[in-house]
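Trainee: Can you read through this structure? Questions will come right after.
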């Protein structure tokens, strides 16, 4: 047991720090070829430049991948979501089926992520990278939209069950670990995640004991008789339950946010990421079986209590149920750490694209070798949410609001897969090492469209104190606003002020982190800029008929070459 715990803490002994001088030297190298696991990587020049060595180190082993996914999926949702899903569907049987459907939907989307990761195994950040590469034109459009949504929603959503003071203290402590050490934040997350899996296993085993008549529950099979009677036919309720299920499975792709920190990423991801989804889906279904075996469906549907709280009270008594908040706190803590670790890499990648002010600050790993600025911003926004936002309608609204652009981005990722395949075939490039199945792409796209369209249908009962489709309108408004900002920033202002936007690749002289900087080049100088720089913003030195790329120094950073 002690040896196994040590292995969990040590991430399967795969952790590795990197020397800043080595990072600077390697990342300053200029070349056309970059390979991962022996496979040459090709990416669009407008994408964030390649980091030959990750300044964040290589601390993510297979335990890390497993628990990054598990911890984000298993937050507080499995303890509370069953009640809201039952209220939406009015059927125990269909509620159980939805947890199975959620696993299938997540598995289909996981296949899409695998294809992207096989094409770009050198880039962390997940969706932000994949949208950037799938839609290189109009340059920066989809990356700008994603960057805004990522930053705006960079607060934690798994804090609603704790008192404000406790939530603030806990989040601050967990964020502090993520600020000061990649290695130890991952190890702590692994330990917490192992504990939360034990909790779910305990609930599942208890459910079997209840079903076998080993407790005082009189009729544990009552909820499973005629369990498909009374299924709702309201489209809004059906999609509401689907949104809740998707939220419960959010995290199946979290490990793709740290791909650049994994040695042999595709080899490891292909084995561990599906395993994490299988483990969680089985435990989700068994936990729901346990809830419905111990508590009458009508009580779960009508009560405002957590389904897990009612389960513990029914099986173990009121005194034992008082210990549930501590178990939920452990689960929430693991979720928070997984979100901070994954989301901070997404924000760092947005910065490396040059789409946020002072990109070198957000991309920097100083002073602790961690994504310091993104983590600090996440902490700040979460503190504001904890202190200023009333839980209830406002919190549920934010959950639904975030799901709307998420569905848009996932749909675009599915469509983008076919665009990339077409471009690579046209350019004579080899196909992806892993190709997502057409059926998986169809399922992912169909679910996204369903979530985007059906919420406009009026529900039988409105769960909000305001118009039921408000979050849809706001979600669309945010995306349209981002698009308008993009056209003003990239198209209209340059035309009005007679300059053009060009990318410049820069390397930090402090930690070797590499990013793009968007430069406003006067139209009178554009021809010279294009003659002396390639499309990725690397400096070209032209001599006769030949040209070469070479790094040149600036005050705070260095223009450098990277694979195009």
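Here the Cβ of each residue, glycine as well, is placed from N, Cα and C on the backbone.
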Trainee: When you get a sec, could you say which of 13-33, 34-54, 139-159 is annotated transmembrane segment by TrEMBL?
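Mentor: Per TrEMBL, the stretch marked transmembrane segment is 139-159.
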Trainee: Can you dig out which of the ranges 372-391, 492-511, 512-531, 532-551 TrEMBL describes as transmembrane segment?
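Mentor: TrEMBL lists transmembrane segment for residues 372-391.
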Trainee: For which of the residue intervals 303-322, 323-342 does TrEMBL record transmembrane segment?
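Mentor: Going through 303-322, 323-342 one by one, TrEMBL flags 323-342 as transmembrane segment.
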Trainee: Given the cut-off of 8 Å on Cβ pairs that are 6 or more apart in sequence, determine whether the transmembrane segment (272-294) and the transmembrane segment (191-211) share at least 3 such pairs.
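Mentor: Yes, since the transmembrane segment (272-294) and the transmembrane segment (191-211) share at least 3 Cβ pairs closer than 8 Å, they count as touching.
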Trainee: Cβ under 8 Å to the transmembrane segment (166-185), counting only same-chain residues 6 or more beyond its ends: which ones?
Mentor: 15, 17, 56-57, 59, 156, 159, 261, 329, 332-333, 336-337, 340-341, 344, 368-370, 372, 375-376, 378-379, 382-383, 386-387
Trainee: Check for me, if you would, whether the transmembrane segment (191-211) reaches the transmembrane segment (139-159) - at least 3 Cβ pairs under 8 Å, residues 6 or more apart in sequence.
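Mentor: Taking Cβ pairs at least 6 residues apart, the transmembrane segment (139-159) and the transmembrane segment (191-211) are not in contact, as fewer than 3 fall under 8 Å.
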Trainee: Establish whether the number of Cβ pairs under 8 Å between the transmembrane segment (372-391) and the transmembrane segment (432-454) reaches at least three, counting only pairs separated by 6 or more residues.
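Mentor: Taking Cβ pairs at least 6 residues apart, the transmembrane segment (432-454) and the transmembrane segment (372-391) are not in contact, as fewer than 3 fall under 8 Å.
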Trainee: Under 8 Å, at least three CB pairs between the transmembrane segment (98-119) and the transmembrane segment (323-342) (pairs 6 or more apart)?
Mentor: no
Trainee: Counting CB pairs under 8 Å, which listed stretch among 323-342, 432-454, 466-488 touches the transmembrane segment (139-159) the most?
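Mentor: The stretch I would name here is 466-488.
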